[in-house]
Amino acid sequence: MPAHAYLCAMDAHAPLIDPFARPITYLRVSVTDRCDFRCTYCMAEHMQFLPKRDLLTLEELDRLCSAFVGLGVRKLRVTGGEPLVRRNIMEFFRAMSRHLGAGLDELTLTTNGSQLARFATELADCGVRRVNVSLDTLDEDRFARITRWGRLPQVLQGIEAAKAAGMRVKINTVALKGFNEDELFRLVGWCADQGHDLTFIEVMPMGEMGEEERLDQYWALSDLRDRLGERFTLTPLAERTGGPARYVRLDETGQKIGFITPLTHNFCESCNRVRITCTGELFMCLGQEDRADLRAPLRAGAEDAPLRAAIRDAIARKPKGHDFDYSRRHVAGQVSRYMSHTGG
């Protein structure tokens, strides 16, 4: 092979590095905007979903994610909507499992848990070792109210099934003022008893919720952490898992608690991730509107070179950080799209 051709071939598969020298090694891909819940902070109750023809096929998702793995992505998280309501979704997990140990270190998903009892064993067979479950309350009535359509017992059964299949479960809880403040210690205690990690998340300024309503629900995690510190000894952990969370250990229980605080602590300096929507849009930052269309080069032909070039061009536009800010009564940087479309 001529030297210039060799260099071009090498460059085609060089790792993705953004303008701020951050390697891009973590891809979150939304496989559907549909969900069997209607969580109030995530989507409208009578949601207008995208036409199915606009969604990437499972084969296109395979090709797109495989291109990212070839460019150095080592962690792939499948999201939605609710990923497990996508028809034949296990075909996609089986396809992605071939990359484990061959470039991909971890295949995982974020789910509301409603379909976990059905799919836990298959997911484990595909190499999924960890699963994040969104759970904001252990009160059945509150759960029905916040999810509108969800049933708490179904989710708890799914969590048990995941645990029985050998997967480690992490609970993601959105901190909502006036909703689950009084359940803080109940959630911590339950996770300790069950052996689950727990991460608290600040409500983000996305979707249709009005500014005043979102501000009324906003519970700064600095306050939540102070409340935990009144009952437990919190030891900061240096551990980083490739995500935005910062962790502490509760010395009395030994459990790990995470805090995702995009609004009061900018976690952008170490950002290593990008997001693909179910329609093939690449968002370089959750808190910015800039995006790149990857569906067009994906459908232009079987050759992956234009697709890789489009990915590189997009990564070259990745910003230094987001614009979320709740320090003022105005929600600076509010983003109009739904998390169910971008991928939660």
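Using the three backbone atoms N, Cα and C, a Cβ is placed for every residue, glycine included.
Model, not experiment: these values are computed from the prediction.
Here Swiss-Prot flags 19-244 as domain 'Radical SAM core', drawing on sequence analysis.
Annotation note: ARG275 (GTP binding site) sits in a strand segment as assigned by DSSP. Here the Cβ of ARG275 (GTP binding site) has 21 other Cβ atoms within 10 Å, regardless of which shown protein chain they belong to. What Swiss-Prot records for ARG28, ARG77, THR110, LYS170, ARG273, VAL274, ARG275 is GTP binding site.
The annotation [4Fe-4S] cluster 1 binding site is assigned in Swiss-Prot to CYS35, CYS39, CYS42 on the grounds of sequence analysis. CYS35 ([4Fe-4S] cluster 1 binding site) counts 25 other C-beta atoms within 10 Å of its own C-beta, drawing on all protein chains shown.
The S-adenosyl-L-methionine binding site annotation in Swiss-Prot covers TYR41, GLY81, SER134, MET204. For GLY81 (S-adenosyl-L-methionine binding site), the Cβ neighbour count at a 10 Å cut-off comes to 28, with all displayed protein chains included. According to DSSP, GLY81 (S-adenosyl-L-methionine binding site) sits in a coil region rather than a helix or strand.
Residues or ranges marked as [4Fe-4S] cluster 2 binding site by Swiss-Prot: CYS268, CYS271, CYS285.
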Inset, instruction - Can you grab the distance from CYS35 ([4Fe-4S] cluster 1 binding site) over to GLY81 (S-adenosyl-L-methionine binding site)? Cα atoms, rounded to a whole Å. - result: 5
Inset, instruction - Work through the binding-site residues one by one (CYS268, CYS271, VAL274, CYS285) and point out the residue whose CB has the fewest other CB atoms within 10 angstroms. - result: CYS268
Legend entry - For THR110 (GTP binding site), the number of other Cβ atoms found within 10 Å of its own Cβ: 20
Inset, instruction - Determine the minimum-neighbour residue: among CYS39, CYS42, listed as binding-site residues, which Cβ has the fewest other Cβ atoms within 10 angstroms? - result: CYS39
